[in-house]
Each structure stands twice: as C-alpha cells, then as structure tokens.
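Peer 1: Before I ask anything, let me first share the structure, which is written out below as structure tokens.
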Amino acid sequence: MPELPEVTTVINELKETVLNKPLDQVQVNLRKVLKNIDPQLLNKQLKNQFFTDIKRKGKYIIFLLSNGLYLVSHLRMEGKYFFEERGSKFNQKHVLVEFHFDDGSQLNYHDTRQFGTFHLYEKLEQAAQLNKLAFDPLEAGFDYRKIFQKAQNSKRKVKTFILDQTVISGIGNIYADEILFASKINPETMVDQLTIKEIEILCKNATKILAKAIVMKGTTISSFSFKKDHTGGYQNFLKVHTKKDQPCSVCNQLIVKKKINGRGSYFCLNCQKITTKVSTKLNP
C-alpha cells in the first residue's frame, strides 16, 4: 500500500500535469470505487471545472475543485494515476476512472485490485475518514509528547501502535519497520514500556526517514509507480524491510521476519532488543 512518501510523490507529479486544466468529462468504469456519489452526478459536478490544488492528509489525496468541492481519493493497495497526453496509446485494462480534459489529455485512475475509493464533499469537515486522522510526522502539529501520552494508555505492541492512523498518520508497514530499526526498538515491545526519550527518538526518526523517502520518490518493492515507467528509489536504502535472512547492516546478525498482528515485520534481534521500562519508584 502506498504510504506517506509515495502519496506525496504522486501528488507532486499530479501537480505538474493536471492543475488548472478544464475537465470535459469524467468516465467511471467501475461503480464501486465511488463511495458517496453516482457516476452521472460526479460527471455533472466536475464537468467544466478544474483542479486548483492537490493536497494530502495521511495517505489520502485531496483534489480541490474550482467550484469549491473536494474529491478525496485513497489508493489502497494498488491504486495509481497515469497522465496521458492527447492521442497517446495506453492499455485500458484496469483503468477504473478517466478524467478527460478539454485539451484532449486525460488522467486515468488505474487499480488492479479495485480497492481504491473516491468521495466527493462540499466541505472537508464532512469527511469522517479525514477527521479521525492524527498528525503525520511532517506536520507542524506532530508532537512526541502527545504520542507518549497515547502510548502510556495503550496495551499494544509498538509496531501495531505506530501503524494506527489515529496515533500517527501516513506510516505503513514498510516505514514502520525502518523507523523501529533506526530507533533500536523491537517491534514486539509493549508501547507503554517505552520511555519518553525512546518515543522522542522514534518520532524524530519517523520524520527523518519519511522526508528522505520523499526525496527518493518513494519505495518500489512490488508495483509502486508515480508515473509511467517511473519507480521510487528508497528501496535501495531499506535496512530491514524485505531483508529476511540477510545480514544486519549494523551487526551482521541475520534479519528475521515475524507476523505481528497479521503484518509481516522485519527486524534485527540483536540491535532491537525488547526492554522494559525501569521504575523510578523507591522500594518501601
């Protein structure tokens, strides 16, 4: 699933190709991707309008329209956007939504798994899925002290905790593994056992790693592509994710893979030891 760096990379590419181009037609080839509007009404609302800006919240893409509406897109597992110039040939298979512009070019939403979603809103406050999202590590409101407070009230493993989009938004399985490795935290550590200093280090690494991944245009492990024939580059910098049975870059011990709450997790047992918080209370 595309995570914060991949979604940001997609948005950066879209901004270069589709802003301020009048829409002539929106063609929906698979009805189920529209969650709160039918294809005919979507076409009516977008026809003759244009995208004035494109923003991100967590892993969501938000298209701002010239008529004040908001089109909210989530790529889910395999969603991709491909821009096509007028007259260009492309494979129509798996193109679920087509945004046709009046200059003959078009933006295609491509999704082999068909899990992606679209919502249209008059106001973003109506988008419940956005309202429940926490700050992401690149936002000004991201505060390790607030994360620590949430951790103190949680009985989950740290890997599961940081994947919760109501705790930290934008992080998925790939970057969770990398952030925990950089922070020397075992993914099975109970999060309420982490000290505030450990949470601070984790949050700083989250910001650092996600920012670097954006510079590298995301991570391509299986299929991520931000435009035709272009893939990300951060996979070349991964330390543990997908590295099962390969030597750790720090200590040379072999990286292990284990399912944690249903998610394949990669880590180094030597560099990422489970520790418990030492009590500062005096013995009676």
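Glycine too: its Cβ is placed from the backbone N, Cα and C atoms.
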Peer 1: So which range, 29-63, 239-273, gets flagged zinc finger in Swiss-Prot?
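Peer 2: Going through 29-63, 239-273 one by one, Swiss-Prot gives zinc finger for 239-273.
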Peer 1: Restricting the comparison to the active-site residues Pro2, Lys59, Arg263, which residue's C-alpha is spatially nearest the C-alpha of Arg113 (DNA binding site)?
Peer 2: Pro2
Peer 1: Of Pro2, Glu3, Lys59, His94, Arg263, which of the recorded positions has the most Cβ neighbours inside 10 Å?
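Peer 2: When each Cβ's neighbours within 10 Å are tallied, Pro2 leads.
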